[in-house]
Each structure stands twice: as C-alpha cells, then as structure tokens.
Amino acid sequence: MTKVAVMGSGSWGTAFANVIADAGAAEVVVYGRRSAVVDAINQRHENPAYFPGMALNPALTATADAAKALAEADFVVLAVPSQTLRDNLAAWREHISGEAVLVSLMKGVELGTCRRMSEVATEVSGVPADRVAVVSGPNLAREIAERQPATAVMACRHEPTAVRLQDICKSAYFRPYTATDVVGVELGGAVKNVIALAVGVAVGMGFGDNAQASLITRGLAETVRLAVSLGADEHTLAGLAGLGDLVATCGSPLSRNRTFGEKLGSGMTLEEVVAETSQTAEGVKSSESVLELARRTGAEMPITEAVVAMMHHDLSPAEALAAFMSRRSKPERYGF
Ligand SMILES: NC(=O)C1=CN([C@@H]2O[C@H](COP(=O)(O)OP(=O)(O)OC[C@H]3O[C@@H](n4cnc5c(N)ncnc54)[C@H](O)[C@@H]3O)[C@@H](O)[C@H]2O)C=CC1
Ligand SMILES: O=C(CO)COP(=O)(O)O
C-alpha cells in the first residue's frame with residue numbers, strides 16, 4: 001500500500017493527514033515533535049493541542065521519530081511553518097527514500113532568499129521539481145478536520161504526479177483538482193495571507209463588507225501582477241488557489257492571518273498580538289519576502305506595502321488607510 005508521511009502535527013498537518021486516512025487509499029503516519037500529541041493521536045485518535053474533542057480516523061498513526069515516519073514513504077508531506085522548512089528538511093533529508101514525492105502544504109515565501117516552498121524543498125532535499133508538488137486552496141484546517149466539504153488544488157510540474165496525489169486524497173468531503181502551474185498556486189497561497197492581514201485590520205477598525213470586498217478584489221489584482229511577472233498563468237489566480245483561498249481566508253474568523261490583523265486593527269500593539277498568537281500566521285513574515293519579489297519584478301503591490309509597513313515599520317492602521325485612499329487616481333485594472 002502507498003505510504004504517506006506527514007511531517008508536522010500542527011493544524012493543517014493533522015487535518016490533511018486525516019483527509020488521506022479518510023480517503024482510504026494510503027497508509028498515513030504523522031510526525032510530531034511533542035510526545036503528548038503523538039500519544040494522543042495513537043491512543044485516543046485525537047489531537048488535543050489543535051482539535052480537542054474531534055475524532056480522527058483510527059487508522060492514522062503518529063510518531064516522534066522522523067526517520068521512522070520517513071522510512072519507505074512514497075509521499076512526504078511537509079506541514080511546518082515556512083520559515084523553518086529549510087532547517088527541518090535538512091534534518092530529515094537523509095531519511096527520505098529515493099523515489100519519494102515531496103508535497104508542500106505551506107503558504108509562505110522564505111525570508112532572505114525569497115524562495116517559494118517548493119523551491120526550498122528542491123534545493124535542500126535534492127528531489128527534482130518533477131517530484132515536488134504543492135497543495136493549496138480554500139482549506140481552513142478546522143473545517144476540514146470536521147469533514148466539511150472542501151476543494152483544493154494539487155499542483156506539480158509533472159502532471160501524472162499531481163494525479164497520483166489527487167488519487168490518494170479524494171473522498172466524499174474533499175475534492176482535489178490538479179494543476180501544473182506551481183508558481184501560480186504557491187504565490188496565490190502566500191499572497192492571500194498578506195491580504196488577509198489587511199482585511200483583518202479593516203475588520204478590527206470596524207469597517208464592513210465594502211472595505212473587505214475592496215481589499216480582496218484589489219488584493220487579487222496585485223497577486224496577479226506578481227504571479228504573472230514570475231511566470232504564472234493568470235487564470236490560476238481566478239481559481240481555488242487564488243480567488244477561492246482569498247474569499248475563504250479573508251472572510252473567516254478561523255484564519256490566523258485575518259485574526260492577527262483584526263487584533264492590530266482594533267488597537268492592540270504588534271507586541272501584544274504576537275504574544276498571544278500561538279499558531280503560524282505566515283503573512284506576517286512572508287509579507288516582507290513578497291514585497292521584495294515585487295520590487296525585483298516591478299509589480300505594484302500597494303496593499304502588501306501597507307501590510308509590511310504595519311507589521312515591520314510601525315505604520316498605524318489609520319495611517320495605512322489614509323495612504324491607501326490617497327493614492328493617485330487611475331483606471332481599474334485586473335493585473336497589469
Ligand atoms: N491551518 C490551516 O488552516 C492551513 C495552514 N496552511 C499552511 O500550512 C503550514 C503549516 O501551518 P499549520 O499547520 O496551520 O501551523 P501550526 O502552527 O498549526 O503547526 C506547525 C507545526 O510545525 C511544527 N514545527 C516543526 N518545526 C517547527 C519549528 N522549528 N518551529 C515551529 N513549529 C515547528 C509545530 O510543532 C507544529 O506541529 C503554513 O504554511 C500554513 O500557511 C495551509 C492551509 C490551511
Ligand atoms: O490557508 C488557510 C486557508 O486556506 C489558512 O489560513 P490561516 O493561515 O490564515 O489560518
């Protein structure tokens with residue numbers, strides 16, 4: 001039977017492992033750092049740190065031994081924070097078997113290098129890009145752990161690999177589509193976290209649906225500008241990994257990025273928000289890498305600029321709003 005190792009027992013790692021276990025076409029083992037979480041998954045079929053009281057598939061097993069998880073795994077699913085992937089993977093690579101496919105669940109861009117997660121995965125592991133896939137889309141982990149219906153995109157440059165991944169994920173509640181536009185799918189996921197921070201700030205400031213829809217729509221326009229300038233197909237961004245994920249994340253109180261922004265917009269200081277955020281809000285750090293990519297390619301990204309200024313340069317939400325609204329008047333464009 002196909003073996004899948006899910007490396008990371010956080011929110012999305014756990015929920016995605018459960019998707020594959022429910023699909024029933026592969027054996028799934030989750031690697032987690034904390035023995036309490038590993039024991040709870042094995043003994044009580046529950047991850048109390050992230051989804052207390054929620055029943056996981058009893059066939060799902062867990063281990064705190066990375067080598068054991070990776071041994072003879074056909075698919076290695078990477079589900080750690082984007083900024084730690086390089087170090088995590090360096091520790092794991094010697095245990096990854098020869099023909100394994102790497103699958104990134106992550107939605108971030110590496111600080112310093114500005115690399116997408118599939119690029120980091122290829123570089124660190126030596127696994128060729130044809131065997132590196134990415135999963136993205138409107139996938140709030142809690143809803144999926146509750147087995148609510150959802151769709152996603154599985155992208156790989158080598159289409160048959162994406163189809164193999166699709167085959168082990170599909171179930172009555174989870175419908176995966178395939179794609180070959182890895183750049184578009186990954187950037188859609190990374191930039192939507194930045195836009196969700198902006199939407200959260202607007203919500204925290206007390207603004208309603210007009211402001212939120214404006215940020216989502218203009219956020220999509222700047223996502224398209226960046227992604228196309230880096231080689232993506234603009235249609236990808238109109239799909240699940242672009243518009244779909246923007247709508248889900250920017251509209252959901254479950255989103256860590258939106259929640260982070262909301263707290264800042266409601267008057268908490270950045271330090272206070274960071275202190276009470278335990279799960280990964282990728283957009284906070286990735287906003288800087290996204291803006292650096294924009295500078296390199298010449299893509300105009302005013303919402304991302306405002307988010308970086310709020311997250312890293314002490315710009316207040318009120319100042320960010322004033323700067324955004326007083327930009328020069330121009331015709332509406334989707335993309336360039
Ligand atoms: N939670 C969600 O709804 C979704 C998350 N994602 C993406 O999945 C990726 C992982 O996110 P989550 O599982 O939600 O994050 P999380 O914060 O819930 O879990 C992160 C996991 O990584 C582990 N980890 C390993 N090395 C680590 C290190 N050096 N520092 C910190 N943690 C380390 C943690 O122990 C934890 O199990 C992110 O890129 C996120 O954008 C994508 C879709 C949905
Ligand atoms: O990526 C997500 C939904 O698709 C989850 O968003 P957050 O990381 O903001 O919770």
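Going from the start of the chain as shown, residues are counted 1 onward.
Even glycines carry a Cβ here, placed using N, Cα and C.
Nobody curates TrEMBL annotations by hand; they come from automatic prediction.
Fair warning: this is a prediction, and the values are worked out from it, not measured in the lab.
In TrEMBL, the sn-glycerol 3-phosphate site is described by Lys107, Gly137, Lys192, Ser255, Arg256, Asn257, and among Asp181, Asp245 the residue recorded at this site is Asp245.
Site annotation (TrEMBL, ligand NADPH) includes Ser11, Trp12, Arg33, Arg34, Tyr50, Lys107, Arg256, Glu282; from Ala141, Ala221, Ala318, the additional listed residue is Ala141. For Arg256 (sn-glycerol 3-phosphate binding site), the recorded positions whose C-alpha atoms fall inside a 10 Å radius of its own C-alpha are Glu282, out of Ser11, Tyr50, Ala141, Lys192, Glu282. For Arg256 (sn-glycerol 3-phosphate binding site), the Cβ neighbour count at a 10 Å cut-off comes to 23, with all displayed protein chains included. Cβ neighbour count within 10 Å across all protein chains ranks Asp245 highest among the binding-site residues Asp245, Glu282. Comparing the Cα of Asp245 (sn-glycerol 3-phosphate binding site) with the Cα of every entry in Ser11, Tyr50, Ala141, Lys192, these being the recorded positions, the smallest distance points to Lys192.
Candidate binding-site residues: Ser11, Arg33, Asp245, Glu282. Those with a Cβ under 6 Å from ligand 1, in sequence order, are Ser11, Arg33, Glu282. For the binding-site residues given as Ser255, Asn257, the lowest number of other CB atoms within 10 Å of the residue's CB is seen at Ser255.
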